[in-house]
Each structure stands twice: as C-alpha cells, then as structure tokens.
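Below you'll find the structure, written out as structure tokens, and then a few comments.
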C-alpha cells in the first residue's frame, strides 16, 4: 500500500481509538461513581459502542497491514452497531424524560411506561430484522460478486466475471464521478437502500424523542442537551445523504481507499467522522447526562457531589413555575435537581427569602415537623438548605418535598362540574379536565369573599346556598366506598400527627394533596405544616413534668398575668411555651384538627370546599386560637346534604354520624384521631368483606 494511502486509515484509527477510550472511561464512571447497575441499559449502550470502535480499529489496522479480500462485510458490520446503540439512547431519553402529565395523572405515567415497553419491543424486532436482512444481503453479494460490500463503498470487483451479456458493469475508470443507482449491481442498490431506510427510521425516532423531551431537557440541563441532540440529528441526516450520494468510484471503501482524487479523500473522512465518530461522541455525552440508574441506595453515594445533603444546594437546583404560596408567606415552586445522585428528580420546594427571625422560626419548625413524620399519607420531606451571608445572617431557606401537583380542593372542583343530571358522571370528561386545563380557575366556594360580596355585608340579608350558584353543570359524586377509603387515608395521616404530639392547625382540602389513577383519587396526603405546633419539645415536657421551684413560680405568674418577667432567655422560652402547653391546650389543639376533618367529610359529600372557609358555621366559636376565630360577619347557612345521600340514608349513615360527631358544638364530644381512624377502618373492612361495592381503584378503572 503506498504511503499516502495510510493517511485516512490512520486518522480514522486514531479517532475510533479515542471514541472507544472515552466510552470505557465513561462506563467505569457510570458503574463506580453514578452507581449504574452492571445489567442496565447504560452499560449495554457502552458495550455496543466499545464493540463498534474495537471492530473498526481491528479492520482498519488489518487493512493497513495487508490487502483484505472479502473484508468489506466486517468493515460494514459496525455500521449496524451504530444504529443499535443510537436507538438505545433515544429509548432512554423517553424512559427518563417523560411528559409532565406523568406527574399529573398516574395513568399518564403508565402510558409512558407502556410507550417505553412498546419502543423497546420495536427496537428489538427492528434490530433483528436489520441484522438478518443485512446478513442475507451480504451473503447474496458475496455469492454474486465474491467481495460483499454495501453503503456505496464497494471493493475491487475486477476479478468478477459475468456470464450475462446485458449485466450492468461494475467498474468505472473515471474518477470523481457522481455514481447513481444505475451504475451499480442491483444487490448494492438494495443494500444501500436498506441501510438508508434504517438511518431514516433512526432519524425519525430521534426527531420524535427530541420533540417530546425538549421542555424537560431545557428545564434540567438548560439548552445544552437540546443543542447536543440537534447536532446529532444533523449528523445522522448528513450520513443518510452520503449513503445515497457518493462521489467516489465503486473501487473505494474504508479498506480500499481510492487515492486518485482529494474529493474522495474528503468524502471518505466526512462519511466516517461526521456520520459515525462525532455522533458516537455526542451519544456518549447524552448517555452520560441521563441519570437513569437502577440502584436504590442513593444515600451518601456522592455522584458529582461530596455528600447527599449537597444535592439541595441552590447551585444544584433548577427552580421552575410557581405552584402556590404557603400559609407563612413562603413561595412554593416546582424544581428539578441538576446534578448528584438525585439528578433529574422533580420536587416541590418552599422558598422563604429575606427571612426575618419569625420567618426562620416558622420554616425551621415546619422542617422539624416533617423530619418526625413518616407516613404514606403525609407529604414526604426530602431535605432543606440555607443561604447564609458572611455575617452569619440567613437570607433564604428552602424546604424540599415530594412533588404532588393536585390538591383535594381542585379535584373536588373538577368533580363538581364533570357530572350528569343523575349525579353520576364521565371518567373520560374528568380525565380530560385534568389533562387539558392549563390553569385551574379559583372556585367560588374556596373563598369567603364570594359570600361577602353576595351578602352585601348584611347579617340580615338572605343566606346564600353554594350549590345554587352553579348552573348548567352537574356534580360527579363519589361512591360510598370511595369516600370511606379516602377519609380513612387522611385519618391515618392525622392520627400519625397526633401520635407524635403534633397539631396541624390548618387542615383543609387545599392542604390535602392527591395522586390520581386514571381520573380517580389514588392516595391522599396531608401537607403544608406552616402553622402546625409540636408539643413534644423535651425542654417543655421537662418543665411540665418536673418543674423546679423557680420554674413553678414562673408558671404561676404566667397564669396570673398576660406577661411574665424573666431573668434569662434560656429560662423564659420553655416557661412560656410550657405555660401554653397544658394537657387542656393540647387536647384543644387536637380537637381543632378533628373539627377540620369533619368539614373535609362534608367536602367529600357535597363536592364543596367548606373546610377552606374562614367561617365554619357556629362551630367556629370553639376555636381557642385567634388564628381560627371567626373574624368576619358573614353568615353561611349550614348546608343540607345532597339528595343522593337522602335517597340512601341507611348506607351513608355511618359517614353522616362521623361528620356530625367531628363537628359537634361541644369539643369534648368530638372523637380523637385514633377513634376516627378505627371507625373508618371498620367501615373499610365491612366494604371489603361484604363485596357489595368495588372499593379498589384499580378494579374500578378496569371495569370501565
């Protein structure tokens, strides 16, 4: 081989060696730092890419040493591997970056998983078809020509003889001519067309993935990953064109490079560098960024970070749209983690900026509450972070929680307008409501200002019934089994709070977060502990159980006057808190939660949000905390129960009695959270044992 014929093979050999080396290093980082599983798709991707680079290096080196006869089959086999691992990356992008609807409806999550499964099966069968088809065509070409080639890179065919007088000539003596399909043997035309179709399908698949994942990519990685993916699409498109348009002679291939023209040099190096080497490097970058790992032990594994808590630092978090505002004035946003073991995870973050001492105390209290609670029916706490100035002043506090976009008040609003005249409804309409409604409109039933405006601030004016204001829409009421099951979940969460001596103090439907399966509620979780109070402070309990003489005297002084004189701050705080943390105070605080739970029962029965009102009928007079006192002059008539309940009072009697007992005018007659939980547990058990109603959401969905 002349010395100048070594130039392009040597360049390509170096490029493929670098690609393979980078793939090996990346796979080791994925395994030992990112904690990817050995049998994960990530490692399968790197294995295919390393295999391709190895095959390219071997065949190029072999061709540089000696003339390889029939080696074109081996030189083109890595082209098939390129399509295989490029398809795997597209599949992973869909798998890891689902549509936002997955977070809105669990059914959408199932759809995404279904798409991934379908995509996996399509990719498997496509690979089987591609490899089988190519091997078959290579075999036919080997039999006809004796030197099987494809993709417009044909070996030396001068030794081939033909017995047909009208056979298409396989050799051209012209250099730099643009060869079209008519200048080749039909088997080569078929090979080129087959591979072109494979590349075209790969291009379409990646274009679809780019369209579906653009927004999530932008949220998580900025514009970086989208630009990388766009360059990849351009490279695949260029390679597809180069398969069809070939300025080289049929004697040219990666093993037999025609050196008569610089045009052929440029074409050959462009085909492999732009069409395979650069895309391979881009795919490595995309794969490395995708954080889809199988191992569950993320705690303290590090990743790019030194510790698990570093995940929540402000520079590692991308904050997105505003979700709402907490009771303390903190802003709640949707956010994603940009790097670390939880990279790509979506969470809700409560942000308190320009913190005063009261703000810091409020949010730190909420963090302490979350840290003590572990229940599937309480919004889970993920972590927290602080931005501290050089002087030690705290400028910002962030509290990270699991992301649940729906609240019970919005779901009740949806059901209140998705029914029919018979009190039933359409699950399809309800599902479409959640999928296609961009923003929820405020319910007139969620604010007392609605009634204030209509009552003209006149206590003697006619009382307004909420249901009378909605016309031309019908409610989609819950079934008995659903109401019992949802209330049972909330009661478990509430009892978990009270068992830990924590009073929520702001229990209402817009602080109950719900996940959905199809169009039905699957799980109810209590959240938003902005103004909750914990009564198990060790210092306070010690003061109450075993006060010193000085502490006892200060307790007596506190009850005798509105203020207390203290000598030191360390003594004052537990005394003041202890003075307001008597068994009677704790019982009263818990009874507030039970009263609020009773209004949530009413919300389920009427599809209204009475628990969100500032005024809660006459029972509001029993709130001891000023936070809950009825400060408005608006009167709201205690609502009548809907007709569907009156038609079957025997069935609904246990739930109605629970509602009445929880909203009793005498707080001492209200049940405890444990009593509520046991009552609903028995109702739930009766439903299952009787089999009169299908209580399982999954069964309900499958029967529709």
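Heads up, the Cβ atoms here are built off N, Cα and C, so glycines get one too.
Copied over from Swiss-Prot, here are the features:
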- 506: active site, proton acceptor (ACT_SITE)
- 323, 324, 325, 326, 327, 328, 329, 330, 331, 350: ATP binding site (BINDING)
- 317-682: domain 'Protein kinase' (DOMAIN)
- 1-5: topological domain 'Extracellular' (TOPO_DOM)
- 27-42: topological domain 'Cytoplasmic' (TOPO_DOM)
- 64-76: topological domain 'Extracellular' (TOPO_DOM)
- 98-121: topological domain 'Cytoplasmic' (TOPO_DOM)
- 143-185: topological domain 'Extracellular' (TOPO_DOM)
- 207-224: topological domain 'Cytoplasmic' (TOPO_DOM)
- 246-265: topological domain 'Extracellular' (TOPO_DOM)
- 287-704: topological domain 'Cytoplasmic' (TOPO_DOM)
- 6-26: transmembrane segment (TRANSMEM)
- 43-63: transmembrane segment (TRANSMEM)
- 77-97: transmembrane segment (TRANSMEM)
- 122-142: transmembrane segment (TRANSMEM)
- 186-206: transmembrane segment (TRANSMEM)
- 225-245: transmembrane segment (TRANSMEM)
- 266-286: transmembrane segment (TRANSMEM)
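Overlay of Swiss-Prot annotations on the structure.
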residue	record	contacts (Cβ under 8 Å, 6+ apart)
323	ATP binding site	332, 333, 334, 348, 405
325	ATP binding site	331, 332
329	ATP binding site	352, 359
For the transmembrane segment (225-245), which stretch among 43-63, 77-97, 122-142, 266-286 has the most Cβ pairs under 8 A?
266-286
Below 8 Å between Cβ atoms, which of the listed ranges 6-26, 43-63, 77-97, 122-142, 266-286 makes the most pairs with the transmembrane segment (186-206)?
122-142
Across 6-26, 77-97, 122-142, 266-286, the most C-beta pairs under 8 Å with the transmembrane segment (43-63) come from 6-26
Mind checking which residues reach the transmembrane segment (77-97)? Cβ under 8 Å, same chain, six or more beyond either end.
41-42, 44-45, 48-49, 51-53, 55-56, 59, 112, 115-116, 119-120, 123, 126-127, 130-131, 134, 151, 195, 198-199, 202, 205-206, 209, 212-213, 216-217, 220, 229, 236, 276, 279-280, 283, 286-287, 290-292, 344
In this predicted model, what is the average pLDDT of the topological domain 'Cytoplasmic' (287-704)?
71
Residue counts (helix, strand, coil, in that order) that DSSP gives for the topological domain 'Cytoplasmic' (207-224):
16 helix, 0 strand, 2 coil
Under the DSSP assignment, what numbers of helix, strand and coil residues are found in the topological domain 'Cytoplasmic' (27-42)?
8 helix, 0 strand, 8 coil
Would you identify the secondary structure of residue 323 (ATP binding site) according to DSSP, in three states?
strand
Quick one: give me the count of other CB atoms within 10 A of the CB of the residue listed as 'active site, proton acceptor'.
20
